[in-house]
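Here is what TrEMBL records for this protein:
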- 39-134: domain 'SDR-like Ig' (DOMAIN)
- 317-389: domain 'SpaA-like prealbumin fold' (DOMAIN)
- 413-497: domain 'CNA-B' (DOMAIN)
- 505-594: domain 'CNA-B' (DOMAIN)
- 602-689: domain 'CNA-B' (DOMAIN)
- 697-786: domain 'CNA-B' (DOMAIN)
- 794-877: domain 'CNA-B' (DOMAIN)
- 886-975: domain 'CNA-B' (DOMAIN)
- 597-618: region 'Disordered' (REGION)
- 992-1011: transmembrane segment (TRANSMEM)
């Protein structure tokens, strides 16, 4: 199978140069009894030669011709040497018949008595040798036939296999070639994939050498051919079906159904060795084929063959004798055996009893022995031992005696020191464990106790100085942890330090003062920690910033071996607070401050300045109003009391709170107007004076605006007094500072004998407020300004981006959260309305808070499998539906188009749930009558879509069937039964001619009888 392109051009040396010839197997061994070789299987031809003295010139040649039916085999060039001197160069020619030519050098010309032997490789040409049996091998030199023996040839009977692989060396020993044959029986292939692996090291693919051929294998008995052969390499490469990955080649062959006739493949490629191999070396390879769940596996190797050389294959050994410097044998040494040529580790040598060890099945090559483990107690070698090809003797063994030096011994000692105030807390153990480490690995761990002098000393003796790699061992020590102690190592000495136990004490302040109703709570207080009744550190400040809590840490737990008693006391807090401390040092202390809220009384009395009720105008009762003002807030009526002479015209309110919300309460009183009397309030006392025709009017402003929530309230307003609808005096300003109240005194009571009707009106309007008046009693007219805080609403809509809920992932409801200035405020459950819209709204929302406009935003509780986004108050949820694909394949059942009715192409249409999907697609033979639709939606409205494929036009003469059980492989089969043509037989034709002649004769007779009768009648 290997062809060499050399052509013979040489001048011949006369005489009997070749004196003897014989044959062996490919490894140089005599053929075993009954052994046979097959076609193209190499074997060796050996020849002895003797050159005539003083005759041969440089450039002269000797030509050996092979018999017909034999071929030369690689390598095509070799040398014949005398030591390092080249006598002749041999060249193999692939002509018919094959030839081997020796071309002599200057060395042959200048020396006499030149003789020796050489060998080369040949094989039986399976294309020319048709019969099995013994075939004589001869070399014809200068017209003389020299017999070399007989080779027992066995013609092979070719048996089809799913996978076959062979390899051989090319003319260049660093290159080889492989031939892989797939599907020799032309079976249907399903998802076929071929994986080829180079198993020998330092071998790589020649990527641009690959060829992929497709056809149908034809078995010729002793061989096979691929017909019709089509090179599909470029197609496979363009479709990324050929992949080289290091020492692996993958070819994706794919699907080849029944309608594809050519389902066989041949893959050819070359490999290159990264080194110069030697004769007898094996280059290994394997290949795997998977198709439709079936696996095929083949291993293959080819040998490096030589000519004129001394290579004999894997038959050599390396043997070592391991000894000490005194010559004593040493066991336990280990060596890695590395082949230098390709850096391959070929095995391991271990020295056993007697110090001997060996490794076999080696090539005659250069190796290095790297000692990985030295015998116990000995130093390892630091340099490898080299084995050269010349070191192998006639017994094929390279033997070495290797010495190791002993490993020196050292001693280590150390001492334990205790830094624990002479074991003050009685924590020191009775013994410790010291660990000796060699290069970080523990090797000894003795217990150590104090000696009679109280010293904690320890030591380690007879330690090896070097490790098994010849490096000095780094010895270190450590100890098993001693509870409560810290360990510090200095060289081989260890110091243990013990820190006394520590604790912590926590204090928390608790206030019981009705939520600081009186506003007396200080901004901070101080506490002091005591240990055994002595101050510990300084005072600590507690306040709102540190949560009214503090923890003292790293406190000594004991003193003189006894636990310290810790206490916490509060430095005087004042402001009427009482202090109580509860808790413990272990669980924490709580300082409780208690204060009773402040109370006050309001007491007053009525004084009548009416000359002892001279005019009888004094009423039988009066009404006194208790007014309340908190801080800078408005004045409001708190309570009204009816007072009579039986009360001594006195009034009082007991146990009134002094504060509210931490703000001081200011109490005042007013009196409902007493007809014909003027009123004067002094503190909580009232004097009523009677002056004819005089009265007074009091007005108070009240705000009803949710404590100025929207910040709309003005600082001041103006009011105007009217008498019988006519202005009385000028406008009066009501301010926050004056409690927004005013009294007009010394007003005439009557006019023209009639009582004047006094009223009060607000000047102008307050924007955003509605004004109402309560003037049933002009002694206490109340003007109320009411402002309804502005309201707003938030409304939005949910949008779904999920292909109309194709996969059925959309929930029945969602939860939308309303955030007020970033904090969650309200939530609402949203469902689709009758029109399928997901709308929501939040109504009656305050627009302002503390005078600032509120910022409303919305969020949504997580919807599984959806992504959230929002724009304003509208929410969008996105989900990417799953996709699938549909593949259709056209199958023809028409006896390979026997009647030539099959069209060049057909069109098919994809349907989804019975509806057309996209445009019709054309199927052709070039596309293997197949097409795949990708990126198709897998579901619609949560249910799987049923995909089908139909043929667009009906083909004349064909019936159609569809197999769509699996939309990943829908098969449309067109069936046509060819017509049978019936030809008449030769005998039938002869009978027809006879019948026709008889009919013709009958007609003539009949006509004669008719004519005769007519004559008679006449």
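Note: Cβ is positioned from N, Cα and C throughout, glycine not excepted.
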Between 39-134, 413-497, 697-786, 794-877, 886-975, who has the most Cβ pairs under 8 Å to the domain 'CNA-B' (505-594)?
413-497
Within the domain 'SDR-like Ig' (39-134), count helix residues (DSSP H, G, I), strand residues (E, B) and coil residues, in that order.
5 helix, 51 strand, 40 coil
Please figure out which one of 39-134, 317-389, 794-877 racks up the most CB pairs under 8 Å against the domain 'CNA-B' (697-786).
794-877
What does the DSSP secondary structure composition of the domain 'SpaA-like prealbumin fold' (317-389) look like, as residue counts for helix, strand and coil?
1 helix, 40 strand, 32 coil
So what's the average pLDDT for the domain 'CNA-B' (505-594)?
87
